[in-house]
């Protein structure tokens with residue numbers, strides 16, 4: 001399983017856009033990908049998914065030969081179209097062009113740093129996974145709340161708080177549970193509610209349920225939040241210097257769908273049509289960005305296992321979903337593998353995955369690929385970068401992007417709208433709780 005996972009990424013790294021792959025090469029790559037992701041198809045569905053996989057593989061190969069700082073790979077989304085990806089994993093784009101981001105009364109002080117990484121400071125909890133619930137907004141809000149509480153406590157006592165409480169209990173503020181919501185509305189709920197429970201006491205279920213808030217299990221209390229000046233990356237940097245900050249982005253492009261490593265640079269992104277809530281935990285610049293997982297974040301020895309499947313239908317802003325199974329892997333770029341089966345189509349392997357393209361059957365085929373990668377997927381998490389970047393925490397599990405993170409372009413005209421609708425909360429020190 002580990003070999004097969006690295007294999008798929010290797011193949012797209014060594015192929016060139018001008019190389020015409022044979023049908024057998026496509027088929028072998030697809031077979032290996034199916035095994036790595038435990039994909040199962042009916043015989044009727046196989047050909048359709050195979051053709052989509054080939055088109056996506058061609059897109060990835062062509063992109064990776066352009067010399068972009070963004071590296072793409074055959075991840076969990078390799079057998080679905082971009083239309084399916086957007087309909088299933090992202091919400092209806094929220095038009096933020098006329099949105100009035102009114103700051104709350106509290107204003108933070110401080111000076112903007114040249115670079116910051118709140119993971120290294122211990123203010124970021126491990127990567128989480130929203131599963132089949134369109135609750136990215138709640139994960140973004142809890143991430144910012146967790147960081148704010150840690151900082152308010154004097155850089156101590158990092159506590160994971162409950163996304164499920166926000167999903168179940170903040171409906172009266174305008175949020176729609178697993179159907180979507182806004183981070184600012186989540187902050188308002190936490191402030192007025194007098195706190196939010198710990199994740200351990202109110203665990204995530206990936207469904208909208210009856211509110212079960214218990215004030216005896218509070219893990220964080222907020223006093224206020226501040227909105228970033230819409231569109232201002234310099235103001236966003238000033239806020240991120242103060243702590244992890246909730247941001248909304250356009251994640252609809254195929255390049256985001258297949259993101260693997262490097263700085264994400266996509267001029268086609270919209271700065272106003274936003275469909276995904278994430279967390280900015282830092283920023284940096286230079287020719288070599290070291291993004292190793294340090295204290296406050298969950299480490300993993302591989303960035304490209306991509307063992308993940310999901311299914312959801314969301315229709316509101318900031319809603320999208322996915323489900324992943326995290327695993328540890330080794331990044332060897334010279335691997336070979338063989339898969340065997342008979343009569344029908346499957347990716348045989350341990351465990352199981354259910355999703356929008358699941359079915360049944362088995363597959364046969366064998367392949368052996370070897371080569372070297374210059375895409376920058378090293379075990380230490382060091383990725384070639386060229387320019388300024390935001391360090392962004394996603395909620396699609398460890399098997400997406402760089403151990404669950406993405407480096408997004410910074411100071412490129414608010415690319416993907418990262419500064420259009422951003423906000424940061426301020427917490428009450430635990431010593432001052434009632």
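Glycine too: its Cβ is placed from the backbone N, Cα and C atoms.
According to Swiss-Prot, the protein has these features:
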ACT_SITE  136  active site
ACT_SITE  276  active site
ACT_SITE  394  active site
COMPBIAS  288-347  compositional bias 'Low complexity'
COMPBIAS  348-358  compositional bias 'Gly residues'
COMPBIAS  359-381  compositional bias 'Low complexity'
DISULFID  133-178  disulfide bond
DISULFID  169-211  disulfide bond
DISULFID  269-416  disulfide bond
CARBOHYD  227  N-linked glycosylation site
CARBOHYD  305  N-linked glycosylation site
SIGNAL    1-19  signal peptide
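Where Swiss-Prot records a feature, it is marked here on the structure.
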residue: 133; record: disulfide bond; Cβ within 10 Å: 28
residue: 136; record: active site; Cβ within 10 Å: 32
residue: 169; record: disulfide bond; Cβ within 10 Å: 24
residue: 178; record: disulfide bond; Cβ within 10 Å: 25
residue: 211; record: disulfide bond; Cβ within 10 Å: 13
residue: 227; record: N-linked glycosylation site; Cβ within 10 Å: 19
residue: 269; record: disulfide bond; Cβ within 10 Å: 24
residue: 276; record: active site; Cβ within 10 Å: 28
residue: 394; record: active site; Cβ within 10 Å: 28
residue: 416; record: disulfide bond; Cβ within 10 Å: 30
Candidate recorded positions 136, 178, 269, 416, pick with smallest Cα gap to residue 169 (disulfide bond): 178
Three-state secondary structure, residue 276 (active site) (per DSSP): strand
Nearest recorded site to residue 394 (active site) by CA-CA distance, among recorded positions 133, 227, 276, 416: 276
Candidates 133, 136, 227, 269 (recorded positions) - the one closest to residue 211 (disulfide bond) by CA: 133
Assigned element (helix, strand, coil) containing residue 227 (N-linked glycosylation site), judged by DSSP: strand
When distances run from the Cα of residue 276 (active site) to each of the disulfide-bonded residues 133, 178, 269, 416, the nearest one: 416
Recorded positions near residue 136 (active site) (Cα-Cα within 10 Å), from 178, 227, 416: 178
Cα distance (Å, whole number) from residue 269 (disulfide bond) to residue 227 (N-linked glycosylation site): 22
Inter-residue Cα distance where the pair is residue 269 (disulfide bond) and residue 133 (disulfide bond), in Å: 24
Rounded Cα separation (Å) that holds between residue 269 (disulfide bond) and residue 178 (disulfide bond): 25
